[in-house]
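Undergrad: Sequence annotations record features per position, and here TrEMBL assigns transmembrane segment to B:47-70, B:92-111, B:123-142, B:169-191, B:230-250, B:270-290, B:311-332, B:352-370, B:377-398, B:422-443.
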């Protein structure tokens, strides 16, 4: 049985944050997602309190930086000590201080690329169609409206009273419209 | 919603400005979007078409100059057996300096939570991207045989050769390549949410698909914003040390030699500050026509320009200090050739260029002690152009003064730029302007999502 989705539209960021907070208090643990024109710290806090994990982007960036740095240093060490030792005025083959310059640039670039790939993967970017685009008016989520999508229980298991209470709560907190559909 | 039809100017007239003067006191999200997106979707004006046309002539000049260079060799330039680094290297340093500033401006202002950043960071970053790419062109052409430039890349080859990692030329190649890729990622990431806005605002299917492809299916979900913020702030934090390292490497190209006037420990930081200085001057020079041409006066205000003028003043002071440190250093080392170098700077064959440079980089920024000058558009624009000229002269003189006065008086020589030196420089300028005008019409010139956030914080929108 497919779950049903509830979709509420707000005209201000503050109303959206209040509504999400009230919902988390009244019916905690519901799966929800917001769609907003800019990032709203209040939503982040509520999601974190509900157990949303922080983005893995920075962890990956650190790992990518370490791998990039090691590879770049190894490449320079190996090519100037093993593959092509070139005696330039008696300077050491393993001139590690000068190797640091390119190692540093590659470290930063590796972190940047690793982070971007993680952003694309975890943010599910690159998928040009998303079911949320089927809601009427969703295009204003990138302009001046603040959307909230909540997962309701499937029809046969849900309690109409609870559902009704939820939409009333959203309207009470300033939702302009509240709509429902089967996902 | 009621203010849908009002422009930023009308809003200021009606409600006044927020307390720090950065935007109208009442400005709904829709008005912000209209203000920025309107400039993209409006029909191109005749002025814009004319500017694109003129700058395209520059692009043609660039292509012809490169064509002739590849056919004839670097002998068509004014370089000779002594002055081996001429306009190509100077232009490279100048362009990469301008290119460094955009990322530096954008990152530093983001990390220090400067509220006024949102309006200028987008085109400062675009400026970076274009300038850094153009800068990368010059070393390629300067090596004389650009088709063999892949020799510098580390790859297993049949000759069993590997790059000389102790050479500044190799550091340079890595620095520029990493920097261009990094700047592209930083700029594009910040652009994704705004591309989604354009996608959702597009009126025709073709435009929607075009922006939609680049928006990567952005929905603005809290999940995406979380990843976006984590990445974007981390990139800003990485951008500052990267930029400093890039221009330090450029400074090391000089400082790692034994030539008088080049072998100085101050070069890397002095190059970095010079980059910031010329970059802010370039941003100001670009901002004034942009805010006028695209009617963004409500979003890019005089307070923004005022803040940038203060940074230019600071840059000018540091540059003046750096020049005087060079003179002091020459005297203090007691090296005869270094002292002769300083005397030649002031009284040698290029004396008038040196004095002009000191006037542009040292004296002109002193205007910005005065509030009147920081807020007067004409003065700001002229000062921005003069500072750019001064910084270009500095890059030219670093090459010409040192190389034409080496250790042996018998090898003293003169560098006289040829037609092709000038045409390549003007052509690169044409390409920069062309890319910039096209960018300003296709992509939002201000970061819409950050301005919305700012409007919420400032109480202009709820």
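Going from the start of the chain as shown, residues are counted 1 onward.
From the backbone N, Cα and C atoms, a Cβ is placed for every residue, glycine too.
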Undergrad: Using a Cβ cut-off of under 8 Å, list the residues of the same chain at least 6 residues beyond the transmembrane segment (B:123-142) that approach it.
TA: 66, 69, 74, 85, 88-89, 91-93, 95-96, 98-103, 105-106, 149, 169, 172-173, 176-177, 179-180, 183-184, 186-187, 190, 279, 282-283, 286-287, 290, 424, 428, 431-432, 435-436, 439-440, 443, 445-446
Undergrad: Determine which recorded stretch among B:47-70, B:230-250, B:311-332, B:352-370 has the most C-beta pairs below 8 angstroms with the transmembrane segment (B:92-111).
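TA: Stretch with the highest Cβ contact count: B:230-250.
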Undergrad: Name the range, of those listed as B:47-70, B:270-290, B:352-370, B:377-398, that has the largest tally of Cβ pairs under 8 Å with the transmembrane segment (B:230-250).
TA: B:270-290
Undergrad: Which sequence-distant residues neighbour the transmembrane segment (B:270-290)? Criterion: at least 6 residues beyond either end, Cβ under 8 Å.
TA: 93-94, 96-102, 104-105, 120, 123-124, 127, 131, 243-244, 247-248, 250-251, 296, 300, 304-305, 308-309, 311-312, 315-316, 318-319, 322, 325, 361, 377, 380-381, 383-385, 387-388, 391, 394, 436, 440, 445
